[in-house]
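These notes concern the structure reproduced below.
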Amino acid sequence: MFSSPACAQACSSAPCGWATSAVNILSYRRLPTLPVPSVGTFPAMSWRPQYRSSKFRNVYGKVANREHCFDGIPITKNVHDNHFCAVNARFLAIVTESAGGGSFLVIPLEQTGRIEPNYPKVCGHQGNVLDIKWNPFIDNIIASCSEDTSVRIWEIPEGGLKRNMTEALLELHGHSRRVGLVEWHPTTNNILFSAGYDYKVLIWNLDVGEPVKMIDCHSDVILCMSFNTDGSLLTTTCKDKKLRVIEPRSGRVLQEANCKNHRVNRVVFLGNMKRLLTTGVSRWNTRQIALWDQEDLSMPLIEEEIDGLSGLLFPFYDADTHMLYLAGKGDGNIRYYEISTEKPYLSYLMEFRSPAPQKGLGKGARAAGAVRCEGETGIRLLGHPPPLRWTNRLREPQLMGQSAQSRQVLPC
């Protein structure tokens, strides 16, 4: 085997792990034109695994206690691609199934237990409620939009509802077709954006109750809206398969991507990173996420296929921890990633799994508890038991139910 006793002695005295190097040395000696390196001149070999360390690799979830539930809530059966729930530091709002108009429940977070069938509702809309959003500046102000083409602003009493609320604080009429999305401006109070099936985005000044700007650059239904941190940029996804970055003040489109290979559904700004993350479907009908440079949408920075399921993927981003939570409608799992400004940009952390499929999700970051190492709080709308609870760095109230008429909310 060895070409000389000297080589055999060198290989036998080499430390463990150098056997391959010794064979390479012998092969070099058979070539008279190449210099013969000694064992000691080879570079040191590192056996440490090549992965990116993360502070949040221990995020996990566990089953919640039964007493931390909201039971008996008739969640809406509407198939509109939205969350149908919203949560902040004080209240939980859930769109409910109702006849003869749209309604939603508003429940104080500390009021756990069974919700009676005659619990007071917000029921002023004439059509199904399609979206609800809490005011980021005032905890008891909530906006709703509906199939009746209106947007309404509601003021919830301090202790919650004692009777049905039918009179809105403001009624906003400006869309010619149903309104599918509402979004509050992140830095300016009383500025609200609404997107309708008339392909228009209206900017409302709630101090006067009138639209102050109309953005009319879309050629189909708007699927999602998201603001950057200071509210100077708005990004939208649309059924025309285009991703747009818009300056809201002027209505001018700064960047536009024609997403033929990655049909975008949802988009979110990634804090101050000047990045966008979209979820959608690839040309092979697999669910996919993509990361974009907001100043150049010609090509995505990365594209990553998730799986072959058909449910819509909802992205939730926490700018403080740079963590991305990815949950699919109809899935029983939630994936979480860490986002960075350097390659590979997206680092998979862990995955929460549950046998109960989720019907919708919502988050409320200001309700997180630092003492309990909570990085994010939110809710899941579930169709079946068991209840689940998040611990460690993620805690999550959840909605679940035993039938179409009976649902539970399980906060932790």
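Even glycines carry a Cβ here, placed using N, Cα and C.
The shown structure was predicted, so the numbers you read here are calculated from the model rather than taken from an experiment.
The following features are taken from TrEMBL:
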type   : residues : note
DOMAIN : 49-113   : domain 'DUF1899'
REPEAT : 122-164  : repeat 'WD'
REPEAT : 172-214  : repeat 'WD'
REPEAT : 215-256  : repeat 'WD'
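With DSSP classes pooled into helix, strand and coil, the tally for the repeat 'WD' (215-256) is 0 helix, 23 strand, 19 coil. If one looks beyond the repeat 'WD' (215-256) by at least 6 residues along the same chain, the residues whose Cβ comes under 8 Å of a Cβ in the stretch are 81, 180-181, 183, 185-188, 193, 195-197, 199-203, 263-269, 271-272, 276, 278, 280, 292, 294-297, 319. For the repeat 'WD' (172-214), same-chain residues at least 6 beyond its ends with a Cβ under 8 Å from one of its own Cβ atoms are 80, 82, 127, 130-138, 143-153, 220-222, 224-227, 229-231, 234, 236, 248-249, 251. Counting residue by residue with DSSP, the domain 'DUF1899' (49-113) contains 3 helix, 22 strand, 40 coil. Secondary structure by DSSP for the repeat 'WD' (122-164): 0 helix, 19 strand, 24 coil.
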